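Colleague: Sharing a structure below in structure tokens format, with a few things to ask.
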Amino acid sequence: MEFSVKSGSPEKQRSACIVVGVYEPRRLSGIAEQLDKISEGYISNLLRRGDLEGKPGQMLLLHHVPNVLSERVLLVGCGKERELDERQYKQIITKTISTLNETGSMEAVCFLTELHVKGRDTYWKVRQAIESTQNSLYSFDALKTRKGETRRPLRKMVFNVPTRRELTIGERAIEHGTAVSAGMHLCRDVANMPPNICNPAYLASQARQMAEVYENLNVTTIGEEQMAKLGMNSYLAVGRASANESIMTVMEYQGAVDSTEKPIVLVGKGLTFDSGGISLKPGEAMDEMKYDMGGAAGVIGTMKALCEMKLPINVIGILAGCENMPAGNAYRPGDILTTMSGQTVEVLNTDAEGRLVLCDVLTYVERFDPELVIDTATLTGACVIALGKHASGLFSSHNPLAHEMLNAGEQSGDRAWRMPLWDEYQDMLDSPFADMTNLGGRPAGSITAACFLSRFTKKYNWAHLDVAGTAWNSGANKGSTGRPVPILSQFLINRAGVEISE
């Protein structure tokens, strides 16, 4: 899909279709009023006749509107003007793209980016329009022998901005929107891949392919032999029973002018399949445990977006690839593991494995002397119970970092909700035999998991993003969502100091 921005009057646009908004009840937007005036009341007459009420998502396609150069005009219902918010705006964009594809339009000029969305500027509206467009067009059919065909698919979208001085910010929004969309696309592709294909080695291969494309990206891998030398016994224990080798992939992006600038480190849990191990999961929906590498998919997707945007910062992405399987040599409930940090962990449940992988990685990244570390993981079902499918769980003992992350979530629409990380919860991890257990019990499960991780992050500022509820959808629309690529990408944009306001 090709995107561009321009500033101009709707009646002068030569395009297969121009898209304008209509408010409820039957009220023309400013741009629609211009078209109505040029067409001598053609549009308002249709509305008076009851052809379109203006309710959110209603569509009316007009052909050969008098005195308008475009072949078609698509009227889009936007609801009540004062109630047009972020969620409704994105839904309207998605419905518009679907309608344009159904009509066979190959190009369109969209004036919906000129609508007033509460608290949002041109940059946000253009960028969200691009991301919503690309998300709506995504499909995963790589393994289907019969692929569906879209009739004359939409190939070019032009977003109109109110004034010429906003063209630069619109172009920046396109740059960021297309980059984040590319990252989300990669995240979804990798996460949707079945576990017989997507194993830790596959994750590593995807990272290496990126390094061949982007010259400032370097990729190295650490296998089980090297992990053993490093003392990553906890990580190794989780993958011991799998026929697929555990592989930690390290992606180093050098974008800062000063190569010695401290890096931001992103760590992604990469359980390419989680059977639960000896503490075997129920069979129902176990197929979805291929998404237990959603954190790693989010990190590789964010690294893709970062490389596309060429941000002037140093970032290291870690894909903690592993597979948790049952076998005669699997680790067991009751085992006590000595982590890379030297701390010991009593295993109470082998299905609480993500934290056992992450704790060693969080110790490993100390060698980079990081500016900060953010780990992202499909860590706990408890987070899904607490927050559902809309907000990721954010944990951090560093208030400034937590506020930055929350702000990035609000900006990107990939929102997070801060959860407590109080010392009182730490007691729930007490063990009579080791320094801690890997399970704090049923109450506050997402919090005690974060408390566990916090014990391995004392040497840097750290945040933990639990995306168990947001990384994928179940049911009829089963598949990866592409999250948390938007929030992580926005965080990096902000950290890079890129100007995005008008």
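Backbone N, Cα and C atoms are what each Cβ position is placed from, and that goes for glycine too.
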Colleague: Going by the Mn(2+) 1 site in Swiss-Prot, where Asp351, Glu353 are listed, which of the candidates Asp274, Asp430, Asp435 is also part of it?
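Modeller: Candidate listed by Swiss-Prot for the same site: Asp274.
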Colleague: Given that Swiss-Prot lists Lys269, Asp274, Glu353 as binding Mn(2+) 2, which residue among Asp292, Asp335, Asp369 does it place in the same site?
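Modeller: The record-listed residue among the candidates is Asp292.
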Colleague: Taking 8 Å from the centroid of the Cβ atoms of Lys269, Asp274, Asp292, Glu353 as the cut-off, which other residues in that chain fall inside it around the Mn(2+) 2 site?
Modeller: Val238, Leu271, Met289, Met293, Cys322, Asn324, Gly354, Val357, Ala377, Thr378
Colleague: Other residues with Cβ within 8 Å of the Cβ centroid of Asp274, Asp351, Glu353 at the Mn(2+) 1 site?
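Modeller: Sorted by sequence, the hits are Val238, Leu271, Ser275, Gly276, Gly277, Ser279, Lys281, Asp292, Asn324, Thr350, Ala352, Gly354.
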Colleague: Nearest of the recorded positions to Arg355 (active site) by CA-CA distance, picking from Lys269, Asp274, Lys281, Asp292?
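Modeller: Nearest listed residue in space: Lys269.
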Colleague: List the Cα distance (Å, whole number) between Lys269 (Mn(2+) 2 binding site) and Lys281 (active site).
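Modeller: Just about 18 Å between their Cα atoms.
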